[in-house]
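Peer 1: I am attaching a structure below and will ask some questions about it afterwards.
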Amino acid sequence: MASQPNSSAKKKEEKGKNIQVVVRCRPFNLAERKASAHSIVECDPVRKEVSVRTGGLADKSSRKTYTFDMVFGASTKQIDVYRSVVCPILDEVIMGYNCTIFAYGQTGTGKTFTMEGERSPNEEYTWEEDPLAGIIPRTLHQIFEKLTDNGTEFSVKVSLLEIYNEELFDLLNPSSDVSERLQMFDDPRNKRGVIIKGLEEITVHNKDEVYQILEKGAAKRTTAATLMNAYSSRSHSVFSVTIHMKETTIDGEELVKIGKLNLVDLAGSENIGRSGAVDKRAREAGNINQSLLTLGRVITALVERTPHVPYRESKLTRILQDSLGGRTRTSIIATISPASLNLEETLSTLEYAHRAKNILNKPEVNQKLTKKALIKEYTEEIERLKRDLAAAREKNGVYISEENFRVMSGKLTVQEEQIVELIEKIGAVEEELNRVTELFMDNKNELDQCKSDLQNKTQELETTQKHLQETKLQLVKEEYITSALESTEEKLHDAASKLLNTVEETTKDVSGLHSKLDRKKAVDQHNAEAQDIFGKNLNSLFNNMEELIKDGSSKQKAMLEVHKTLFGNLLSSSVSALDTITTVALGSLTSIPENVSTHVSQIFNMILKEQSLAAESKTVLQELINVLKTDLLSSLEMILSPTVVSILKINSQLKHIFKTSLTVADKIEDQKKELDGFLSILCNNLHELQENTICSLVESQKQCGNLTEDLKTIKQTHSQELCKLMNLWTERFCALEEKCENIQKPLSSVQENIQQKSKDIVNKMTFHSQKFCADSDGFSQELRNFNQEGTKLVEESVKHSDKLNGNLEKISQETEQRCESLNTRTVYFSEQWVSSLNEREQELHNLLEVVSQCCEASSSDITEKSDGRKAAHEKQHNIFLDQMTIDEDKLIAQNLELNETIKIGLTKLNCFLEQDLKLDIPTGTTPQRKSYLYPSTLVRTEPREHLLDQLKRKQPELLMMLNCSENNKEETIPDVDVEEAVLGQYTEEPLSQEPSVDAGVDCSSIGGVPFFQHKKSHGKDKENRGINTLERSKVEETTEHLVTKSRLPLRAQINL
């Protein structure tokens, strides 16, 4: 029984695989809606059924239902069709199979849309992302994606063939001649394959090249507009993809695996009357319908398994010969229209598709070629081409006219086709003859075997009846002995049960004793192991601890010695450094007073020079005032004589003089502002000097440079006006510059000692600046007052020109008074300047004294600080020494503590060894000694002879039993009849009941049974006789097998 599934699977593989048939229904188009057509097709994708209503709208009961491998309704998308139909086939192509997918159906039902698809409006998607893309672009996209992801080395070649009016054209031909026809020949390597001479195979490297090839081929394909479809395909197209993949075996040998995929877009069948095709279009429609009709006849012949299949009646069927009934995996996509206008065409398409489901193909993997075999094949092809080329160049062959060559080649092709057809017919007849002879011989042998088996069975039945009577007598004896054995068995069972109970008690007691021994042994073993391990670990731990203590104490002693030496060196170096600092500081402090005194003497000399200059300026001003006075008197005397006109001129001149005096006053005021700014800058610089005493000498030099530049800029701005007055100021500024330059040199050494005095200098400078500003304000105010009085005088002179002579003396007196007042004020100003210079001299004396005091104080501070620093270092050294002694004490204490811990650990060890070990404590479960009660003797059955003697003594009872058995004879004899009936049923039933054999059993392995089984349905007597003999032989084989099985228990019973 276990071998039956394997044999059935093997038969199924030998039988082949059915072609996959898929039905796709398109939605309504605009023309069908305008014609008010109604839907007659219902698609059920779940149950895979298509139902067609054939009785119109009113009659809903009359319908035809077809079942297919897959069904897609009107709402199905392109991607759904691709994933369901093409993806599994594509995997088989990569595995090395040849596969074919072609669309079949009426024109305008969506075959080209399913195979090629369309581009979305405005081309907003790429080829691979376009939802309207068909099977061909999606397939090529996935081929490149899968092969690239697998990482295998591969090459892809494509070709595009067109069958138009039963002529072959290459749509990928690079030449401009589109009408060049191709020739088709049989493939010598594949009996069912064909070779198309001159067909261009283009190697593609990526998806973009494939899309360009598809566009190029679609542009060359013949299409035209009909009433059924605006872009009706007028030809069949075959798009072939050949994939060469390289594989490496375990031994390192390189193999080439070849897979081929044919994507066929058939032209649709059409009704010329409905499509409106005339002239050329009508001839095209006739050729299309003729090729599709041949395809239908081929499908019918393959389904009915006729000996001759008309592949050669059309070039389309000849190309698809291997796909229909060959070694190719084939899928058909049947497209239909849901409209009632196309009812006849829809039913025809569904009938063809449903019939094609029964076609059996035997897909085989293409033979994998080794690298050497492939190179050898290419080399032979190259040599053949070289020979042809050499013959053509040397002109050694036979040359005939082109017309004769065409006639001869046509005859050869016709003869070759006839020869192939005759060979196929002869092969079919010979195969049929061989099958019939084999069936006849098998049936004859089976009949002879059945006769011999029947004779053997009759003899066995006779001997069995003889043995039956003997067996009955033996049965009575055995029953009596069996009853005696049963009673003995009961007694033995009771004794055995008692013994078993006793054994159970003893085993429990023994197990308790053993468990006690195990506990004791476990405790002893645990204590021994724990004691041993603990002792070893503790000894190693203490040894390590002692070594660590010794190493730590030695390292700490060495560290303390290093600390002592380091701190001694540090103390000596710090004392020497302090000594050098003290000597340098004292030397610098002794040099500071000398430098200050020299600079102060220079400043005194400058002040004396300024005093002399002030005296000279005083005399010069007095002389100028006198000259001004004399000039004024002479001018007044000269003015008295002219007329009123000259007075007006003088009035204008006075106005001009007053304007100039205003400008002079403004300039003096500006000078005062600039001087205020200069003094404020100087004060700020002094404040910065006070705050930034730690800054370097470079910054102080930069500040002095800025001060010099400011003085130079002030001197340049005021050099053009008030020449005499500015000469004094320039000299004074030059003196200040020299003082600043002289003071700048010792600033680097004195700047730390004059921090306190700088505040006083700033205050004094601010006081003098305020005083100078007040004096300048008074001078400018007087000039302004003078200006106002002059203006009033001019106005009065203008108004009172008639009274000029009377007031002339008064004017002269007022001028004299003003000159005197000016003289006095100038003298007062000079005296004030001299007094300010004296005050500065006094301040410099005070500054010198303060600097000397500061130097002395700083020197004393330095010596005190150095002494304090030395004392601090000595104190720190003593502290470190004390700390080291404390550390030594701590180390000693730590060693003592470690020794104490070691002692404690030893005490704990002793405690563990004495107290912590486990002891064997009694649990009270140990069994006590006791006595067991059990039977000491066993019952035995009496010997067979004694039992038979007892049976003879009971003869009357035996006779009664025999009488009872004779009365029951009627029951025992039918039992034998039943056995004979069963045996007869196995031998006779198959001969009388032929319908018990399943007509659907796969019998292909017994020589062409499916072919004749199919013939039986057509009522041919010869085939019926053959199948009847086959059935009888098979049934007799099974009968023999069953009889042998039923005989074995009977023989065993007889032997008993």
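Keep in mind that glycine also has a Cβ here, set from the backbone N, Cα and C atoms.
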Peer 1: Could you tell me which of the ranges 232-259, 736-763, 764-791 is annotated in Swiss-Prot as coiled coil?
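Peer 2: In Swiss-Prot, residues 736-763 carry the label coiled coil.
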Peer 1: Which residue from Lys146, Lys672, Lys1016 is recorded in Swiss-Prot as N6-acetyllysine?
Peer 2: Lys146
Peer 1: Going by what Swiss-Prot says, which of Lys216, Lys357, Lys477, Lys498 is noted as SUMO2 cross-link?
Peer 2: Lys477
Peer 1: According to Swiss-Prot, which residue out of Thr114, Thr458, Thr506, Thr717 bears the annotation phosphothreonine?
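Peer 2: Candidates were Thr114, Thr458, Thr506, Thr717; Swiss-Prot attaches phosphothreonine to Thr458.
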Peer 1: With respect to Swiss-Prot, which of the residues Lys10, Lys516, Lys1034 bears the note ubiquitin cross-link?
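Peer 2: With Swiss-Prot as the source, ubiquitin cross-link is noted for Lys1034.
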Peer 1: Nearest to Thr107 (ATP binding site) by Cα distance: which of the recorded positions Lys146, Thr458, Lys477 is it?
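Peer 2: For Thr107 (ATP binding site), the closest Cα among Lys146, Thr458, Lys477 is found at Lys146.
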Peer 1: State the Cα to Cα distance, in Å, between Gly110 (ATP binding site) and Lys146 (N6-acetyllysine), rounded to an integer.
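Peer 2: Gly110 (ATP binding site) and Lys146 (N6-acetyllysine) have their Cα atoms 28 Å apart.
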Peer 1: Could you check what DSSP calls Gly105 (ATP binding site) once collapsed to helix, strand or coil?
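Peer 2: DSSP assigns Gly105 (ATP binding site) to strand.
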Peer 1: Nearest to Gly105 (ATP binding site) by Cα distance: which of the recorded positions Lys146, Thr458, Lys477 is it?
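Peer 2: Spatially nearest to Gly105 (ATP binding site) by Cα position is Lys146.
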Peer 1: Return the count of C-beta atoms lying within 10 angstroms of the C-beta of Thr107 (ATP binding site), excluding that atom itself.
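Peer 2: The answer is 28.
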Peer 1: Averaged across the domain 'Kinesin motor' (18-359), what pLDDT does the model get? Just tell me the whole number, please.
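Peer 2: Within the domain 'Kinesin motor' (18-359), the model's average pLDDT equals 82.
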Peer 1: In sequence order, which same-chain residues at least six apart have a C-beta under 8 angstroms from Lys477 (SUMO2 cross-link)?
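Peer 2: Non-local contacts for Lys477 (SUMO2 cross-link): Leu948, Leu951.
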Peer 1: Would you mind checking how many other C-beta atoms are within 10 angstroms of the C-beta on Gln106 (ATP binding site)?
Peer 2: 23
Peer 1: Express the distance between the Cα positions of Lys146 (N6-acetyllysine) and Thr112 (ATP binding site) as a whole number of Å.
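Peer 2: The separation of the Cα atoms works out to 25 Å.
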Peer 1: If you draw a 10 Å sphere on the Cβ of Lys111 (ATP binding site), how many other Cβ atoms land inside?
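Peer 2: 26, counting other Cβ atoms within 10 Å of Lys111 (ATP binding site).
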